[in-house]
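Visitor: Got a structure for you, written out below as structure tokens; questions coming shortly.
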């Protein structure tokens, strides 16, 4: 099944799992946004463009109990974009798969200018281009709420919440990109590049690799464990080949 | 089993469940403290005092992976108490049960003076005294991280984190107290009183009932659902009889 293929490296956690046509998501009822979303990209899938994006509209996720649900009204006039976690363009091979990416459970409040429409978009494009090199690309995306040291020398986590339902505005987003060419190269390791980007406007000329971090940083900050079905010695962390 | 008795009204959530000798806990790996803890109190159990508290020491919970664990060092010099969620005194009928309450997974950073050693202690005492009226008392306790409106008119969640492991300091704690006298009175409803108390020093003369809130407030803020095995029409919300 698509789900078992997408999830072949393990579940980062087991809270409120939602299996969609072409991605799998864990929903956080307190934050009213996902904990993580996992996608599987191939060049074949990306080449097909059978879906019409104009038919897709942002939709409340009725599988989430109403009291824990985010709504379009929460985002309206908030100043934040409804930022896709599983990117719409990654799933345009089928109308149903595309439609699934428009559930509000797949959105997080993102800074628009310079982030969602800037560096985040650039990152999503780069991830898609990796399918030219890696037959299988897996992507794990999620929000983070990171502490900062303030003037009193103490560490605080601080984030905005928007709308009547208090949808959390993440301070950062992570994207874990797995390039798998073990199908063609017998001795190949699973390759891994991890990005951690603050949810704010980033200058256009900032290179993506400036936001590379070790996988362990995202695990420690999120409370999640990634790729636990794979021995760490079979994983190579660093920049993926483009 | 004790667990099925403690959990007879349902699980508030299913993340990292830990069944101890006399309480059940859900652990939050990101916050390094619990999501919730559930206890079952009876006057019989409270009357027995077979355990010696001096033999109990605060202990790292080795069932939590090291990278998500809180340690004594995180609390040391933080200015916060290691506040029990399942109260030690509630489990002094057995050395093993008492010992279990000293796992650091059962602690949250609490303001000491005026909170842990003040109103929170008073609340725990009042809950124990309810066993004189209600044959069965169930207690659900947990931390919360609540938003406040700041000067810019926007809502923010802000909380401190302590130690190398960034243990979250909750802004509030909730306690849901369920009084059950259906054993003796056939037509009795399950009675429910819900407290939400800020994690700060509270004047000694503040009455506990000043912190009563509707159950739904805690559900919406925490992302948890409580008592879902019981029809809401079989529950009476309000002050419990003391």
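Note: Cβ is positioned from N, Cα and C throughout, glycine not excepted.
According to TrEMBL, the protein has these features:
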type	residues	note
ACT_SITE	A:84	active site, proton acceptor
BINDING	A:116	Mg(2+) binding site
DOMAIN	A:19-233	domain 'DNA/RNA non-specific endonuclease/pyrophosphatase/phosphodiesterase'
DOMAIN	A:20-233	domain 'ENPP1-3/EXOG-like endonuclease/phosphodiesterase'
Visitor: Can you grab the distance from the residue listed as 'active site, proton acceptor' over to the residue listed as 'Mg(2+) binding site'? Cα atoms, rounded to a whole Å.
Guide: 9
Visitor: What number of additional C-beta atoms lies within 10 angstroms of the C-beta atom of residue A:84 (active site, proton acceptor)?
Guide: 23
Visitor: Within 10 angstroms of the C-beta of the residue listed as 'Mg(2+) binding site', what count of other C-beta atoms is obtained when all protein chains are considered?
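Guide: There are 22 such Cβ atoms around the residue listed as 'Mg(2+) binding site'.
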